Every structure is written in structure tokens, then in C-alpha cells.
Amino acid sequence: MIQHDNNKMYGTTILSIRKDKSVVVIGDGQVSLGHTVIKSGAKKVRRLSGDSVIAGFAGATADAFTLFERLESKLDKHPGQLMRACVELAKDWRMDKYLRKLEAMMIVADKSISLVITGTGDVLEPEDGVAAIGSGGNFALSAARALIDIKGISIEEIAKKAMKIAGDICVYTNHNVVIEKIEE
């Protein structure tokens with residue numbers, strides 16, 4: 001769970017689902033300062049690297065933007081190699097005195113791989129194609145896993161239903177979602 005400091009911006013839910021040669025990343029739009037909602041329509045899911053990569057962040061907003069910029073530069077150095085770019089970012093994040101203090105997590109995905117990147121240097125690929133981060137992450141993850149094997153439901157529907165459940169339960173997650181999709 002994210003620690004709360006009334007002077008920092010925290011809390012969100014980011015969910016990634018990979019199924020049938022498609023991947024979606026969805027995130028809510030709420031930004032909280034302590035226990036107060038200060039923005040409801042933030043865009044925490046973005047496309048990077050010429051739209052071939054989707055990234056979503058949870059945690060301190062300014063820290064996440066710093067990480068987006070760093071990841072973009074790593075992707076420029078290692079085009080088409082998302083895993084390598086993420087490992088390089090995680091190394092910097094863990095080793096650099098300034099970056100080490102950043103309080104955020106990221107989910108990144110391209111057409112072939114989805115990864116969770118943490119500030120402790122972890123670069124994790126979910127076993128089942130479903131990953132979630134943020135204050136409502138466990139709610140969204142549970143809901144997505146429950147829905148993923150149901151026939152006739154699209155990957156976007158799964159993502160939206162899971163985020164609705166997370167938004168209904170987590171006070172730091174709202175229903176204003178941004179969803180991005182990559183298909184093979």
C-alpha cells in the first residue's frame with residue numbers, strides 16, 4: 001500500500017491485460033494530495049516510442065514524469081527492445097542518488113511483453129498477462145483475473161469492468177479512465 005504524506009500526490013490504479021495477441025493498459029484519472037482530490041481527469045497512461053509502447057504510472061506525479069522521460073531516452077537508445085530499456089531504467093533508478101528517491105511504479109507494454117518496473121530495481125513480467133499497480137491495484141487485478149477466462153468478453157470490457165470495481169472500492173481511484181491498446 002502506498003504511504004500517505006499530506007504534501008505529496010499519491011494513489012491511482014493502473015491495470016494491464018494481455019490476451020489473444022492484444023494488450024491494454026488502463027488507468028484512472030484521480031490525483032490526490034493527501035486525502036483531498038485535486039484533479040479527476042489526469043492522464044496516467046501514455047504512449048511512448050512512436051506509439052509502440054504504452055506506459056502507465058502510479059505514485060508521485062512529478063516522479064512518474066521523470067521516469068517517463070528516462071524510459072523514453074532508454075527506448076531511443078534501445079529501439080524495439082522494451083525489456084532491455086526497462087532493465088537499464090531500473091538500474092539507473094536503483095543506483096542514482098537522485099532517482100533512488102523517486103516514489104512511483106510503472107507498467108509498460110509493447111506488442112510482445114508487459115512489465116512492471118519498481119523503484120527497488122525490479123522488472124517483472126506477469127505470468128498470466130495481468131498486472132496492476134497503485135492503491136486500487138489489488139482490486140483491479142482480482143477482478144481482471146476473475147473475468148479473463150469468460151468467453152465473449154473483450155479485453156477492453158474486462159479492463160473497464162475491473163477498473164470500475166477498483167474505483168468503487170478504492171477512495172484514491174475514480175471512474176475517469178484512459179485506455180490504450182496495442183494489437184499484433
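The count begins at 1 with the first shown residue.
Yeah, the Cβs are placed from backbone N, Cα and C, and that goes for glycine too.
The annotation active site is assigned in Swiss-Prot to THR12. Non-local contacts of THR12 (active site) by the CB criterion (under 8 A, 6+ apart in sequence, same chain) comprise GLY27, ASP28, GLN30, VAL31, LYS44, PHE57, ALA58, GLY59, GLY134, SER135, GLY136, TYR172, THR173.
Counting only same-chain residues at least 6 apart in sequence, those with a Cβ under 8 Å from the Cβ of GLY167 (Na(+) binding site) are THR13, ASP28, GLY136, THR173, ASN174, HIS175. Feature annotation from Swiss-Prot assigns Na(+) binding site to GLY167, CYS170, THR173; the stated evidence is sequence analysis.
Non-local contacts of CYS170 (Na(+) binding site) by the CB criterion (under 8 A, 6+ apart in sequence, same chain) comprise GLY11, THR13, SER135, GLY136, PHE139. Counted within 10 Å of its Cβ, the other Cβ atoms near THR173 (Na(+) binding site) come to 30, all protein chains included.
Same-chain neighbours of the Na(+) site beyond GLY167, CYS170, THR173, judged by a C-beta within 8 angstroms of the site's C-beta center, are, in sequence order, THR13, ASP28, GLN30, SER135, GLY136, PHE139, ALA140, MET163, ALA166, ASP168, ILE169, VAL171, TYR172, ASN174, HIS175.
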